[in-house]
Amino acid sequence: MLVWLAEHLVKYYSGFNVFSYLTFRAIVSLLTALFLSLWMGPRVIKRLQEMSFGQVVRNDGPESHFSKRGTPTMGGIMILTSITVSVLMWAYPSNPYVWCVLFVLVGYGIVGFVDDYRKVVRKDTKGLIARWKYFWQSVIALVVAFAMYAVGKDTPATELVVPFFKDIMPQLGLLYVLLAYFVIVGTSNAVNLTDGLDGLAIMPTVFVAAGFALVAWATGNMNFANYLHIPYLRHAGELVIVCTAIVGAGLGFLWFNTYPAQVFMGDVGSLALGGALGTIAVLLRQEFLLLIMGGVFVVETLSVILQVGSFKLRGQRIFRMAPIHHHYELKGWPEPRVIVRFWIISLMLVLIGLATLKVR
């Protein structure tokens, strides 16, 4: 919104022209979300404590987690608020890509909020019934997928970008909708599964968002898009603002979520952030890149699938406990060691993912 205001004021003072620069708005978007998150943190934590919105801990989990019982949860509210306010302030409100991400972010946030509410208020450890959770996730994802397909049909916006091959970009047609659905819903649940230790999910989210900020900038710049042999998408540049807002809000939240955590994001945060990352990947046509950069989320999800599949088929477990971060805890790794090592792996994967853009 401030961009539009600056455009009207620039005739009176040329300095307002700085608001038209994407790099400037990206920086202030990050800082706005960061400071909002830091400002909201103590207030949200205090309010959650007053309302007794404490974390529900499974009795069959690692013993070290029993001390987390009662820690305020649903802190994702401050992440979502910080991102939304920052994006509305610094992004062009006419950009359809921005609204797609915000729609998924808020929509999945509401689904996560209902799930958390049932857990912490109604003391229902299962939360929102799984089929209803997936139903609403699917509805939200399909609305965005069909909307973007209708707008970008038979254009580079619905092509499949294959890593390492610059000349292979098949037109997906209606398969675009199916791919978008699985990426958005899958990423949302993958981040949700990863959110099991203090700060474990938020830092890889920050790394991936930072990586996508660079990709969005290149995709929205015709010269760099042609240089990297990726589709040029004129609306993609504004996703830089969304990505930097996620980075800022994530870092602000980490201030309170780092070990030992003062607050957890809950499903209201993890489902929303995962859905937002999935949507950004789809809009940028970088679903394969998300698999690489979000490798930590992928491995966490695969560990659960393999664990459940192995137990049902063979009656045996592959890991001591799934998701895999619990496996390392039960092997005797201190929680901070698991967290930081997963962060390091995540950073490496993001750098590898960015490098693949040039290897074609």
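Any Cβ shown, glycine's included, is placed from N, Cα and C.
The transmembrane segment annotation in Swiss-Prot covers 18-38, 72-92, 94-114, 132-152, 168-188, 199-219, 236-256, 263-283, 288-308, 338-358, and the record cites sequence analysis as its basis.
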*Quick one: do the transmembrane segment (168-188) and the transmembrane segment (263-283) have at least 3 Cβ pairs under 8 Å, skipping pairs fewer than 6 apart in sequence?*
yes
*asked:* Give the nonlocal contacts of the transmembrane segment (288-308) in its own chain as ranges (CB under 8 Å, at least six residues past its ends).
replied: 161-163, 183, 186-187, 189-191, 193-194, 204, 207-208, 211-212, 215, 274, 277-278, 281, 317-319, 322-325, 327, 342, 345-346, 349-350, 352-354, 356-357
*asked:* Cβ pairs under 8 Å only, please: of the recorded stretches 132-152, 263-283, 338-358, which one is richest in them relative to the transmembrane segment (72-92)?
replied: 263-283
*asked:* Under 8 Å between C-beta atoms and at least six residues away from its ends: which parts of the chain pack against the transmembrane segment (132-152)?
replied: 96, 100, 103-104, 107-108, 111, 115, 158, 174, 176-177, 180-181, 184-185, 188-189, 271, 275, 278-279, 282-283
*Where else in the chain does the transmembrane segment (94-114) make close Cβ contacts, counting only residues six or more beyond its ends and a cut-off under 8 Å?*
74, 76-77, 80, 83-84, 87, 128, 133, 136-137, 140-141, 143-144, 147-148, 151, 184, 188, 192, 235-236, 238-239, 241-242, 266-276, 278-280, 283
